[in-house]
Amino acid sequence: FNIFAAIQGEGEIGLGNILGSNITNFALIFAIATLFIPLKKRDEEAVWAYPALFGVSLFFFLVGLDGTINRFEGVMLIVLFGVWMFLAVKGEHKKRLLERIGDALPEHRNKSQIALTTILFLASIVLLAGGAELLVRSVEHFSVAWNFSPFLLAALLVALGTSLPELATVLVAVFKKRDDIRSGTIFGSNIFNLTLIIGVTSLIHPIEFSQTNFLFFSFLVIVTTMLAAPIIFNFRFQSRLWSSLLLASYAFFLIYITTQLIA
């Protein structure tokens, strides 16, 4: 989606999608998951990853203060992603990652299964590309027709749609009682969004945007990340309270967008 938005010179739509998605991941999905079924044990990988996510969020906030993300800044974000990946697969984290990949793969695959999987994968790429282009055009059309900010539409509607895979993964993790998957999905997605996705998008076309909207949304990204800290670092300390505060921040997010759209 972000690539097609950048190609069409609508990088602001892609930025709105990323910021809205990161807020939705923590303030809605993670909050609901931990509100009804609190974390039963401390996830050491999430504890290890939290400083990286918080640091990336702060760096992203500073990068966008001037109202633009240029190609050089995009390269820096991609480099950050590379550093993150290197550290994530190093040592014990590499071992755990390989174990998870191994658990997810079936033991035996014949040639027909491989061929079918390849065909389905290629077909999915084609459908995804077509859907992404249609979605970008739809956001552009509605923003013009209703005089709405495309950034805000993307932050609300597109972000909610792109966060559905994370919601599905988190729900499965909840039912399987896998706390590591639950928090790992959110952390990985948010770091991936702020570094690689925005980095590649800005390489295709520098992103220009409203500083007011950026300041609000990027600050809310930092706030929701901070609100998740007590849940991650001390799961016994009123985790439902902090989950409720995360949901309250999502309500504030919705109120802000609604008031801006109808203003």
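The backbone N, Cα and C atoms fix where each Cβ goes, glycine too.
Caution: TrEMBL annotation is automatic and unverified by curators.
Per TrEMBL, domain 'Sodium/calcium exchanger membrane region' is recorded for 2-89, 118-258. The transmembrane segment annotation in TrEMBL covers 18-39, 46-65, 71-89, 114-132, 152-175, 187-207, 213-233, 245-262.
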Stretch-level contact, the transmembrane segment (18-39) and the transmembrane segment (213-233), CB cutoff 8 A, at least 3 pairs: yes
Same-chain residues near the transmembrane segment (46-65), Cβ under 8 Å, at least 6 residues beyond its ends: 73, 76-77, 80, 84, 87-88, 93, 180, 183-184, 187-188, 190-191, 194-195, 198, 209, 211, 214-215, 218-219, 221-222, 225-226, 229, 232-233
Within the domain 'Sodium/calcium exchanger membrane region' (2-89), residues counted as helix, strand or coil by DSSP: 70 helix, 2 strand, 16 coil
Most Cβ pairs under 8 Å with the transmembrane segment (152-175), selected from 71-89, 187-207, 213-233, 245-262: 245-262
Positions on the same chain near the transmembrane segment (245-262), where near means CB under 8 A and six or more residues out: 23-24, 26-28, 30-32, 35, 148-149, 152-153, 155-156, 213, 216, 220, 223-224, 227-228
Chain residues outside the transmembrane segment (213-233) and at least six past its termini with a C-beta under 8 angstroms from it: 15-16, 19-20, 22-23, 26-27, 30, 34, 38-39, 42-43, 46-47, 50, 53-54, 57-58, 60-61, 64-65, 67, 149, 151-152, 155, 183, 190, 194, 239, 242-243, 245-246, 249, 252-253, 256, 260
